[in-house]
Structures are given as structure tokens and as C-alpha cells.
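Below: the structure, in C-alpha cells.
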Amino acid sequence: MALSFSLLMAVLVLSYKSICSLGCDLPQTHSLGNRRALILLAQMGRISHFSCLKDRHDFGFPEEEFDGHQFQKAQAISVLHEMIQQTFNLFSTEDSSAAWEQSLLEKFSTELYQQLNDLEACVIQEVGVEETPLMNEDSILAVRKYFQRITLYLTEKKYSPCAWEVVRAEIMRSLSFSTNLQKRLRRKD
């Protein structure tokens, strides 16, 4: 067991170093993954959103954190990473597993996981290039609070199918904002 864990860690470190040494072209690699995630999320819809209009909720998406004009690239990547991490966490719960068709949920989670790996490699590279703090704490906190509100909503609604549908639509909206941030980053390069 200890040997296999050590081997796994060695492979992970080597692959991480090779990813980082290739350079970070986040806007191209990440935006394709983001589009695939959006398509999968759209396919996951099980019920008509019209039947859930009474359950709509304003989660207070932190749009200003995805403006992109005030960020250096490393900070913007850190915000994107936090959003994808929180989305991954939300859809990795047991309650989420019961709400969605399993194969689509697995594909969606795999796509998010790949994006996290890409973003982590880019964060490491960009911090080294720009020598800026790893992340903008206020922005990261705003994203975390946003996801806390989503989780609280699901809990209050007892993870009902309509609650999950509202959350699915909200996550699609937030992923769209991240796509727009990526476009702005591409223009800055």
C-alpha cells in the first residue's frame, strides 16, 4: 500500500511538472472544457424549468469578481479555479448523485476535474511569471459565499428536483460568466 501510494505521488509530481513546463494557454484549453461542461450540464436537465418557476432564487452571483478588468492573469485564474472547485464539490455530493442521471454526472465531474488540473498548472505558472499573490482573497471569499448560499438553498428545499433544476440553471449561468472572463484574458494576452 505504501509503495503504491509513493509511486502514485511520484507519477503525479512528474506529470504536474511536465504540464507546467509546457506553458499555460488557459483561454484555449480551459474554454473548450468549459463549453463541454456547459453542454453536459444542459443535458442533465430532467424537468422543465418552467415547472420550477416558483422555486427561482437569486443566489447573488459575484459578477464583479468575473469582470476581469481589475485582475492580473494569476488572480483571474485563481477565481476561475475556485469556481470550478466549488462546482465540483457541489456535484460530488451524495445528494447530487441521487438527483442526476449517473453517466452524465460522471462525465460532468470528469470534465470539471480536468479543468481543475489545467487551472492548477496555470496558477503555478502564472504566479511564477507575475510574482503576484496566489489568489485575491476577497474574490475567492465571494465565490465561496455564493456557493454557501446555493448549498443552503438546496438544504432548505430538501434537495427537491426543482431545487436542483434551479441550481443547475444557476451553475450554467456562472460557467457562462467564467467563459466571458476567459475571453477577456485571451484579449489581454
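Our numbering is plain: 1 for the first residue shown, then up by one each step along the chain.
Yeah, the Cβs are placed from backbone N, Cα and C, and that goes for glycine too.
So that you can see what the record holds, here are the features copied from Swiss-Prot:
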- 1-23: signal peptide (SIGNAL)
- Cys24-Cys122: disulfide bond (DISULFID)
- Cys52-Cys162: disulfide bond (DISULFID)
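Rounded to a whole number, the C-alpha distance linking Cys52 (disulfide bond) with Cys122 (disulfide bond) is 38 angstrom. Listed in sequence order, Ile47, Ser51, Cys52, Lys54, Asp55 are the same-chain residues six or more apart from Cys162 (disulfide bond) with CB atoms under 8 A from its CB. A simple Cβ count within 10 Å picks out one of the disulfide-bonded residues Cys52, Cys122 as the most packed, and that one is Cys122.
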